[in-house]
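Colleague: Here's a structure for you.
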Amino acid sequence: MTVTDTPPATVPHDAPTAPAGSRLRALDLRLGYDDRVVVDGVTLEVPTGRTTAVVGPNGCGKSTLLRGLGRLLRPRAGSVLLDGDEIGSLPTREVARRLGLLPQQPVVPEGVSVLELVERGRHPHHGLFRTWSREDERAVAEALERTDLVHLAHVAVDSLSGGQRQRVWLAMVLAQATPLLLLDEPTSFLDVAHQLDVLDLVRRMCDDDGTTVVMVLHDLAMAARYADHLVAMRDGRVVAEGRPADVVTPEVIEAVFGVTATVLADPDTGAPVVIPRRRTS
Amino acid sequence: MSAAAPARPATAPRTSTAQALARARRGPRRRRRAVVTVLVLLVLALVLVRALLGDYRVSLVDAVRIIGGEPVPGASFVLMESTLPRALVAVLAGAAFGAAGAAFQVLLRNPLASPDVLGITLGASAAAVTAVVVFGVRGTPVTLAALGGSLLAALVILGQAGGRGGATGRMVLVGVALAAGLSAVVHWLLVRASIYQAQDALVWLSGSLNTVTWADIARLLVLDALLLPVALLLAGRLPVLGLGDDLAAALGVRVTALRVGVTLVVVALVAAATAVVGPVAFVGFLSGPIARRLVPGRPSVGVAALVGAVVVVGADHLAAYAVPGTALPVGLVTGLLGAPVLLWMLRSRPTTQEGR
């Protein structure tokens, strides 16, 4: 595992048994807003059927990268390939059947019930004249069951707690039933119990359904514990990439976050645990 | 081993889930059905009241005979030339204003964002008053000017529809600024107009059903019949857009295209109705929130259209007979009703928990 300041090309790519090529790839991707470049030349192969966490300091471009991968942002340069096709050239609805994306703070419409909101996840599977199929019903029921929301189906989402709300949003993307899922900070504003709730659920989506997950997380410890593959970013570039045990090292942490840290192994799982010490830059 | 996990038998939880979902749907569905039924009946009842119970009362029996083609002296003229066309045009215009207002409010995720607040209606007014005051025309050219004016105003607002983040906020701000500017233009034109021109312009501006003809009704009917289904069809996607631009795009909605499409339909509806009855105050603004109150959770363009129809027919009846001897313009009544209704809505928060 080497740490590089500039182009990450030399980083050894040991994604854990990425099967048969990656379905979602970024090639020399450059993204930005107005005249500001936020993601500057990222090349990434998202390991299929695995959970990838993108970590990095605030403003490093990790959320922007996620939006670019989800074709919410048109690349300035480079490209995003979904199953080998330029993602921007595919019909929006077609992309939405393969790739789900949950933004950090979606809008909760006033008075909408849990059931109605989860049903909206089926939108990409409908034509112009919407018809509700048995498959839709099955997907919604299963999503509510897996998120333990059946008993809250009739309740208004805006009356729920933050943790319950996040479960509702996850139920919605579950109902969308895409093989690929991008999550932007799914645990922000949640207490630790609800963070575990959400991440356990994400883990099960990956392990049980084979969903390929890419999530932006700001908590390095949670990322190390729940992801198969870590991507560490700084200043719009990928600084290090690989298995958590290889990426979460004192050298990488200093290079990415600018803090010295001690890294221990979790006595239960062996996953790296980070103890930040002091700011260096 | 075929022994499944004992905690989850294969069928039982699914049945109970299906039951729970059916129960969760039943309440809102029943409510929606009841609301639509009551509103449709209310529209019919108000049309009958408006058409039959004027200064000159027409009996229901006579009305059926007249519509069947049999002339009844006196009653025929009143019903066919005055009260029935007024009632019908009120329904058509009210439905157009209501649907357009609700669709725009949902589109821009802002209860203030109705076409009458965002300068689309004022675009029509400014152009119409210009036509009357500057060019001294009346009739069809005024209608065409109103159409052009609202379209121009909408294009200015649509100029903000694309681009990254906060598009809805920019559209609302630009619309409000546009409304302020256009309102100033209208006032300036009225100040420099001759007294007769100003009189003409003011009648149109206050929204009035006094001069409705069967040709107006036919035109509005055709436009409503074309535009309302499109509005309802596009409205089917609005719930997803209500989750925010990013999530809507992630769910397969072409956000900018939807925004442009809905705006164009809204403008066409508003322009069609405004051209006939003038900018009837507040109907677009009020119908959406009232509809949302009646059917919470789902943006309901159809219900808002019915609410708009009820409001305009009812207000026109009030306008005609509230003050004996004076026929007030309908826009005065909707404006007068609008303010207290708005305050009432602000006070009573909607019930967030539906069903039980």
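Just so you know, glycine gets a Cβ as well, placed from its N, Cα and C.
Feature table excerpt (TrEMBL):
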type	residues	note
REGION	B:1-26	region 'Disordered'
COMPBIAS	B:1-22	compositional bias 'Low complexity'
TRANSMEM	B:34-53	transmembrane segment
TRANSMEM	B:87-108	transmembrane segment
TRANSMEM	B:117-136	transmembrane segment
TRANSMEM	B:142-159	transmembrane segment
TRANSMEM	B:171-190	transmembrane segment
TRANSMEM	B:196-214	transmembrane segment
TRANSMEM	B:221-240	transmembrane segment
TRANSMEM	B:260-288	transmembrane segment
TRANSMEM	B:300-321	transmembrane segment
TRANSMEM	B:327-346	transmembrane segment
Colleague: So, do the transmembrane segment (B:117-136) and the transmembrane segment (B:171-190) meet, by the test of 3 or more Cβ pairs under 8 Å (sequence gap 6 or more)?
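Modeller: They are in contact.
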Colleague: In terms of Cβ proximity under 8 Å, which residues at least six beyond the ends of the transmembrane segment (B:196-214) contact it?
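Modeller: Cβ under 8 Å, 6 or more out: 85-86, 89-90, 125, 128-129, 132-133, 136, 138, 142, 186, 189-190, 276-281, 316, 327, 329-332, 334.
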Colleague: Mark yes when the transmembrane segment (B:142-159) and the transmembrane segment (B:34-53) have three or more Cβ pairs under 8 Å (sequence separation 6 or more) and no when they do not.
Modeller: no
Colleague: Out of B:142-159, B:221-240, B:300-321, what stretch is closest in contact terms to the transmembrane segment (B:260-288), meaning most Cβ pairs under 8 angstroms?
Modeller: B:142-159
Colleague: Given the cut-off of 8 Å on Cβ pairs that are 6 or more apart in sequence, determine whether the transmembrane segment (B:171-190) and the transmembrane segment (B:221-240) share at least 3 such pairs.
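Modeller: Answer no: the transmembrane segment (B:171-190) and the transmembrane segment (B:221-240) share fewer than 3 Cβ pairs below 8 Å.
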Colleague: Determine which residues of the chain contact the transmembrane segment (B:87-108) at the Cβ level, with the cut-off under 8 Å and only residues 6 or more beyond its ends counted.
Modeller: 43, 46-47, 50-51, 114-116, 118, 168, 171-172, 209, 212, 216-217, 220-221, 223-224, 227-228, 231-232, 234-235, 238, 241-242, 258-259, 262-263, 265-267, 269-270, 272-273, 276-277, 280, 283-289, 291-292, 299-313, 316, 330
